[in-house]
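> According to TrEMBL, the record shows the following:
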{"type": "BINDING", "residues": "26", "note": "Zn(2+) binding site"}
{"type": "DISULFID", "residues": "26-97", "note": "disulfide bond"}
{"type": "DISULFID", "residues": "28-127", "note": "disulfide bond"}
{"type": "DISULFID", "residues": "38-152", "note": "disulfide bond"}
{"type": "DISULFID", "residues": "154-201", "note": "disulfide bond"}
{"type": "DISULFID", "residues": "159-164", "note": "disulfide bond"}
{"type": "DISULFID", "residues": "172-193", "note": "disulfide bond"}
{"type": "DOMAIN", "residues": "26-152", "note": "domain 'NTR'"}
{"type": "SIGNAL", "residues": "1-25", "note": "signal peptide"}
């Protein structure tokens, strides 16, 4: 009987431990690259050349708050303040959405999006759009300069399961997950949700300004 109680006690401890782990895990809802661009305060192309842990004030108990500071070389700014960004900050652990795996040898280029803090510093999380520049499609790279910005008044609605539909003309239905079983599918890689002349929004693919190349997913 004691052995059974001991086993049950061990299981309870393990369950509670796992619950604690889950509670601390970072959770982000999938977003289309255009949404990530529109939600961000700052979007840049940069190389990472250094990394260190720094103190960032104290918590309510007086303990130091740690953050990772990345030193970067900005190549181009697509959105943000009229100045160069030299460092970005993130939480020290992926469990609290910190971005901890950027290569710091200065060889790889990244697209980095994030928030501007009150003191002018840039903060990034795992929920922001951060990806190697080489892995981006040609359409995504071109869209950073203007097309995504022109669609920021539109709303991209993610379809998790069929059936799904838009509820307003200003929405574009994002179906990569249900049609391709991946988040980074054709709509993510090759389309932007753009506002038309009548105020409605629709998917657009092409290098020229939107004219006829709209893809109305709500109209089969």
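Each residue, glycine too, has its Cβ placed from N, Cα and C.
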> Could you say which of the disulfide-bonded residues 152, 193, 201 has its Cβ with the most other Cβ atoms inside 10 Å?
193
> With Cβ-Cβ distance below 8 Å and at least 6 positions apart along the chain, what are the contacts of residue 38 (disulfide bond)? List them in sequence order.
148, 149, 151, 152
> Test of understanding: give the count of other CB atoms lying within 10 angstroms of the CB of residue 164 (disulfide bond).
14
> Hey, how far is residue 97 (disulfide bond) from residue 28 (disulfide bond), Cα to Cα, in Å?
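About 9 Å separate the Cα atoms of these two residues.
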> Quick check for the class: what is the C-alpha distance, in angstrom and rounded, between residue 154 (disulfide bond) and residue 193 (disulfide bond)?
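About 7 Å separate the Cα atoms of these two residues.
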> Neighbour count first, Cβ atoms within 10 Å, every protein chain included; then name which of 127, 159, 172 tops the list of disulfide-bonded residues.
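Top count of Cβ atoms within 10 Å goes to 172.
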> Hey, which of the recorded positions 26, 28, 97, 154 is the loneliest by Cβ count within 10 Å?
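Each of the recorded positions 26, 28, 97, 154 was scored by Cβ atoms within 10 Å; lowest is 28.
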> Do any of 26, 164, 172, 193, 201 (recorded positions) have a CA within 10 A of residue 127 (disulfide bond), and if so which?
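The recorded positions passing the 10 Å Cα test are 26.
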> What whole-number Å value do you get for the CA-CA distance of residue 201 (disulfide bond) and the residue listed as 'Zn(2+) binding site'?
32
> Distance check, please: Cα of residue 159 (disulfide bond) against Cα of residue 193 (disulfide bond), rounded to an integer number of angstrom.
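Pair distance, Cα basis, whole Å: 15 Å.
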> Cα-Cα, whole number of Å: residue 193 (disulfide bond) versus the residue listed as 'Zn(2+) binding site'?
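Per the Cα atoms, residue 193 (disulfide bond) and the residue listed as 'Zn(2+) binding site' stand 28 Å apart.
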> How many Å lie between the Cα of residue 164 (disulfide bond) and the Cα of residue 26 (Zn(2+) binding site)?
27
